[in-house]
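Presented below is the structure to which this report refers.
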Amino acid sequence: MEFLLSSAIGLLTAAGVYLILRARTYPVVLGLALLSYATNLFLFATGRLVLDRPPVISALANGYTDPLPQALVLTAIVISFGMTAVIVVMALRSYLENGSDHVDGETHSEDRS
Amino acid sequence: MSLALIVILPFLGAILPALMIRAGRNACATSTFTVTLLAFLLLMTHAPAVFRGEIVQIRWEWVPQLGLNVNFFLDGLGFFFAGLILGIGLLIITYARFYLAKEDPMGSFYSYLLLFQGAMVGIVLSDNILLLLIFWELTSLSSFLLIGYWKHLPEGRQGARMALTVTGAGGLSMIAGMLILGNIAGSYDLSVILQHKEAIQASPLYLPALLLILGGCFTKSAQFPFHFWLPHAMAAPTPVSAYLHSATMVKAGLFLMARLWPVLAGTDEWFYLVATTGLITMVIGAWIALFKDDLKGLLAFSTVSHLGLITFLLGLGSPMAAVAAVFHILNHATFKAALFMNAGIVDHETGTRDIRKLGGLMALMPISGTLAMIAAASMAGVPLLNGFLSKEMMLEEAAHTAWLGHDWLIPALATLGATFSVAYSFRYIVHVWFGKPAGETPRHPHDPPFGMWGPPALLVVLVVLIGLFPAAIAGPLVATVAGAVIGGPLPDYHLAIWHGLTPALGMSAVAVVVGLSLLMAYTRVRRGWAAGPHPEAKAIFQGTLAAAVRLAQFITHGLHNGSLQRHLAFTVGAAVVVGFAAFTAATHAPGNRELLPATPVAVVVWSLLVGATLAVVFLHRQRLTALIAIGVVGMVVSLTFVYLSAPDLALTQISVEVVTVILILLALNFLPKETPSESTTGRRLRDGIIAALAGIGVGGAAWAMTTRNAETLSGYYLEQSVPGGGGTNVVNVILVDFRGFDTFGEIIVLGIAALVIYALLDGATHGAVGRKLAAWAPDQKRAADRHPLMLVVATRVMLPLALMVGAFIFLRGHNVPGGGFIAGLVVAIALIMQYMASGYSWAAQRMKVDYHVLIGSGVLIAAATGIVSWLAEHPFLTSTFGHFHLPIIGEFELASAMAFDTGVFLTVIGATMMALSNLSRIGCLAESLPLQEAPMEPDLRNANEKAREH
């Protein structure tokens with residue numbers, strides 16, 4: 001299970017990094033979204049992987065997983081939504097202003113980048 | 001207390017001149033004078049104690065963990081320097097009142113002057129070297145303001161910048177040196193450091209510390225080869241030059257060398273570094289001064305030379321030389337301040353400072369001329385004046401000091417320096433005041449008002465009195481100060497005019513004779529000088545600066561030329577390199593945690609994620625397809641959270657997923673639906689490699705982490721959740737209670753993000769972009785059925801239910817999965833469904849709540865919850881809870897954290913709705929739709945088009 005999660009985090013990171021290096025705003029938005037998933041999962045995994053022990057106190061429970069990474073990730077999810085929204089709107093505004101959705105606001109030859 | 005007040009007064013008083021200038025120039029100068037006088041009188045109240053040999057102290061702890069304390073102490077040395085700074089300050093303030101022209105802003109001049117004065121007094125009274133460093137930097141900054149006071153003069157700005165660069169760089173070196181010194185001594189308190197001579201000099205770090213500290217002292221005191229900034233600082237108004245370069249700023253370096261003399265001096269390193277530098281500076285400064293045609297330039301290089309002389313004396317390391325150094329500091333301050341003010345008078349009266357254009361002024365300005373003659377003669381070292389006495393002591397010390405076994409070298413160089421000194425001093429007298437009368441000066445000169453010649457006259461009186469009765473006038477002061485410098489018993493000496501036929505007297509005689517003959521043959525000497533090379537310090541300095549800027553630009557523009565792709569590639573690449581370097585540099589054992597089995601379901605879900613992620617990457621050009629694929633990734637992440645005991649995260653992730661997809665869809669309404677293929681294969685390969693390495697690194701780190709056990713502090717939260725926070729859902733209790741302050745910060749960030757979105761989108765409705773939007777042509781065909789009947793009906797029926805679910809999730813959040821974040825998202829989705837189904841106008845008309853207000857009130861409610869705990873004298877955001885009984889409903893629990901969660905809830909709704917509804921509004925604008933009151937109306941435009949097609 002640990003291998004599945006770690007490899008998934010690695011794959012999400014690689015895909016995210018590849019996409020944020022693209023020249024248009026839309027893939028960059030997708031790349032950032034993938035990187036958010038990867039980061040949130042990574043942070044979550046700092047509490048280690050535990051099955052069927054949610055951190056809800058109860059007399060029947062026979063143990064709990066680490067609640068702190070979950071609390072951190074919960075706010076991180078909401079904040080990364082806020083940031084994705086800002087990036088999307090920036091991409092939109094930039095496209096409306098420049099008539100191009102290139103990340104530098106204008107299309108230019110690749111030798112500069 | 002009064003000790004700290006001496007330092008604080010000038011800083012506090014700095015505001016006065018800026019205010020008093022409204023009441024006139026006299027009020028402005030008087031207020032400055034009064035502040036300085038108060039500080040001076042306060043200082044004088046300590047005089048009896050200081051002369052008794054006591055040390056006055058005051059100590060406050062500031063940041064004791066760092067060893068940074070506000071400790072001041074006053075001994076002979078500090079008293080002497082503080083007296084010079086404040087005493088000469090009083091004269092300068094008076095002089096400047098008459099010197100400054102009507103158009104010069106006097107208020108800011110006096111404010112800067114007081115800031116500088118406070119910083120200088122701070123240096124000389126600090127008992128803590130960290131505190132001293134702060135004041136040291138403050139003098140660099142405030143002197144920058146003073147030197148660049150005439151902002152309209154390029155020379156002034158360049159001179160100020162050069163002074164700041166050189167002394168600021170020295171200050172950095174000084175910080176490093178002082179930290180080492182404090183480390184060796186085990187304390188940053190000077191009074192402690194001064195007790196550790198043996199430990200410091202035996203330390204292997206003694207030489208680095210010495211070099212770094214001397215770096216600061218030499219730059220500040222304009223020692224060779226850092227002397228070049230001082231002459232350029234002469235672009236300042238003359239009162240500034242007189243103040244900074246006679247008594248204060250340039251003496252700060254000397255002060256520090258004297259202050260640390262007991263622990264640093266006496267070694268070979270000290271002697272060869274300090275004495276040699278001082279001697280070279282003395283000779284070179286005097287030599288250049290002889291050929292300066294600008295009066296202030298001559299005085300500037302003369303100052304460099306005299307600072308070299310004092311440095312040389314301190315460098316000798318013998319108590320007798322230290323006494324001579326102290327005495328010469330006093331004498332130099334008196335005659336040099338007088339001469340600077342005199343040069344200012346000449347400039348003020350004739351309109352020029354060029355010696356070649358001056359001459360014969362004695363007849364026109366007898367008072368100023370007489371004062372100049374006496375002060376310059378003292379600078380030359382003519383007997384019966386104070387300059388003679390200390391110069392004699394210097395020559396006496398030089399006469400029996402050998403340098404690397406050569407006992408003739410130092411006496412010869414010292415005599416040479418003295419010779420040039422005689423020559424330029426008499427040049428100041430002869431070429432300005434005697435000889436051919438100056439006919440061509442821009443103004444007709446006459447003696448200035450008393451306010452301008454009074455201050456230098458007072459100093460000249462001191463020059464003569466000390467010269468005639470050294471033991472009576474200066475004796476006690478010199479003894480006290482020298483005692484403080486040496487930190488031990490004073491050597492056997494007496495300040496007197498006649499010491500018999502000593503070698504020093506012979507050297508003096510040689511200097512006077514040769515110096516005067518140099519002046520006689522000045523034209524020829526000058527021709528010889530003109531033939532030699534003259535490295536122009538300013539050009540070298542500016543060349544070096546320009547080269548540094550070019551290098552910085554090369555690196556910066558190489559890394560970041562405005563292309564986001566290149567910038568991100570470097571950023572990620574650097575992280576990859578650092579990460580792998582750290583990984584390969586360490587040793588690693590395999591993890592020892594018992595692993596979970598990979599169930600078949602998990603493998604299937606994992607494959608789904610891999611497939612969807614690859615689809616996003618490979619299909620990212622088809623933007624809608626990629627959006628669907630990324631939605632699948634989000635679903636799998638939510639499932640992962642469900643499976644791995646994180647129900648709250650799963651709920652949050654799934655609701656965020658929904659709003660994110662809606663958001664991107666709304667944006668895609670405008671953005672192109674496809675990405676052009678424009679990257680070269682090489683570029684894709686490069687990016688692929690970077691991405692793969694980053695993925696391997698992060699995945700490897702995740703693997704390494706999840707296969708190892710770790711101690712966490714979760715036990716505390718699990719134990720305290722119910723008794724301390726009153727809730728069984730530990731994640732929610734952490735969010736709203738234990739780490740409530742974090743959450744408070746996060747909802748503020750969320751609110752700001754929403755406002756940014758509003759600003760970006762609202763700005764898009766006006767101006768050029770607004771017109772572009774209004775003329776928008778959709779690139780895809782619109783459905784004729786704009787508001788599908790089923791959707792409209794279903795969303796309206798669902799709205800109360802969805803709101804109910806939101807309220808339910810919110811209320812139960814403290815004890816079972818749920819809470820403000822998730823409830824906020826659920827309610828936002830319910831509301832946005834109305835926009836989607838029934839159209840923006842219809843929904844917006846019925847939404848009576850302003851989302852700005854929602855965000856603001858959410859943050860305010862959260863803040864108010866925190867502040868209430870102050871009223872109960874608890875820290876911010878301390879929570880409380882209790883159980884209540886209501887008829888019918890029964891027992892229920894109420895926690896103050898619920899109020900906080902309400903703030904979270906409202907902010908999340910407000911922020912989400914703000915983003916989505918504004919995007920829809922833009923969409924509406926672009927489609928130029930008539931306001932549709934009835935949501936189920938067919939879209940007539942398309943219907944008409946269809947009708948035409950038929």
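Cβ atoms are placed via backbone N, Cα and C, with glycine included.
Any TrEMBL annotation is an automated prediction that lacks curation.
The average pLDDT computed over the domain 'NADH-Ubiquinone oxidoreductase (complex I) chain 5 N-terminal' (B:64-110) stands at 88. Residues or ranges marked as domain 'NADH-Ubiquinone oxidoreductase (complex I) chain 5 N-terminal' by TrEMBL: B:64-110.
The domain 'NADH:quinone oxidoreductase/Mrp antiporter transmembrane' feature in TrEMBL is assigned to B:126-403.
The feature domain 'MrpA C-terminal/MbhD' is assigned by TrEMBL to B:609-673.
The domain 'MrpA C-terminal/MbhE' annotation in TrEMBL covers B:683-761.
For B:791-914, the entry in TrEMBL reads domain 'Na+/H+ antiporter MnhB subunit-related protein'.
Residues or ranges marked as transmembrane segment by TrEMBL: B:72-96 (among others).
Under the heading transmembrane segment, TrEMBL lists B:205-228 (among others).
Per TrEMBL, transmembrane segment is recorded for B:240-258 (among others).
Packing against the transmembrane segment (B:270-290) from elsewhere in the chain are residues 210-211, 214, 218, 222-224, 227, 257, 264, 297-317, 401, 403, 410, 413-414, 416-417, 420-421, 423-424, 427, 518, 525, 529: each is 6 or more residues past its ends and has a CB under 8 Å from a CB in it. As annotated by TrEMBL, transmembrane segment applies to B:270-290 (among others).
If one looks beyond the transmembrane segment (B:408-430) by at least 6 residues along the same chain, the residues whose Cβ comes under 8 Å of a Cβ in the stretch are 275, 279, 282-283, 286-287, 289-290, 292, 295, 298-299, 301-302, 305, 308-309, 312, 339, 355, 372-373, 376-377, 379-381, 391, 394-395, 398-399, 401-402, 503, 507-508, 510-512, 514-516, 518-519, 522. As annotated by TrEMBL, transmembrane segment applies to B:408-430 (among others).
Positions annotated as transmembrane segment by TrEMBL: B:495-519 (among others).
Residues annotated as transmembrane segment in TrEMBL: B:598-619 (among others). Cβ atoms under 8 Å from those of the transmembrane segment (B:598-619) belong to residues 625-626, 629-630, 632-633, 636-637, 639-640, 643 of the same chain, restricted to positions at least 6 beyond its ends.
Per TrEMBL, transmembrane segment is recorded for B:626-644 (among others). Long-range Cβ contacts of the transmembrane segment (B:626-644) within its own chain (Cβ-Cβ under 8 Å, at least 6 residues beyond either end) map to 602, 605, 608-609, 612-613, 615-616, 619-620, 650, 653-654, 656-657, 660-661, 664-665, 668.
Taken from TrEMBL, the feature transmembrane segment applies to B:689-706 (among others). Within its own chain, the transmembrane segment (B:689-706) has Cβ neighbours under 8 Å at 569, 572-573, 575-576, 579-580, 583, 588, 591, 593, counting only residues six or more beyond its boundaries.
Among residues of the same chain six or more beyond the transmembrane segment (B:747-769), those with a C-beta under 8 A of the stretch's C-beta atoms are 851-852, 855-856, 858-859, 862, 903-904, 907-908, 910-912, 914-915, 918-919, 921-922, 925. TrEMBL lists B:747-769 (among others) with the feature transmembrane segment.
Annotation comment: TrEMBL describes B:789-811 (among others) as transmembrane segment. Beyond its flanks by at least six residues, the transmembrane segment (B:789-811) meets 651, 818-820, 822-824, 826-827, 829-831, 833-834, 836-838, 901-902, 905, 935-936 of its own chain at Cβ-Cβ distances under 8 Å.
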Tally the residues of the domain 'NADH-Ubiquinone oxidoreductase (complex I) chain 5 N-terminal' (B:64-110) by DSSP class, grouping H, G and I as helix, E and B as strand, and everything else as coil.
32 helix, 7 strand, 8 coil
Go through the chain and flag residues at least 6 beyond the ends of the transmembrane segment (B:72-96) whose CB is under 8 A from any CB in it; none is fine as an answer.
3-4, 6-7, 29, 32-33, 36-37, 39-40, 43, 46-47, 50, 53, 55-58, 109-110, 113, 117, 120-121, 124-127, 190-191, 237, 239, 242-243, 246-248, 251, 255, 258-259, 326, 329-330, 333, 337, 341, 344, 451-452, 454-456, 458-459, 477, 480-485
Going along the chain, which residues at least six beyond the ends of the transmembrane segment (B:892-916) come within the CB cut-off of under 8 Å?
659, 662-663, 666, 725-727, 732-733, 735-737, 740, 743-744, 747, 750-751, 753-755, 757-758, 810, 813-814, 819-821, 823-825, 827-828, 831-832, 835, 851-866, 868-869, 877, 879-886
Helix, strand and coil counts within the domain 'Na+/H+ antiporter MnhB subunit-related protein' (B:791-914) (DSSP):
88 helix, 12 strand, 24 coil
How does the domain 'MrpA C-terminal/MbhE' (B:683-761) divide up by DSSP, counting helix, then strand, then coil residues?
67 helix, 1 strand, 11 coil
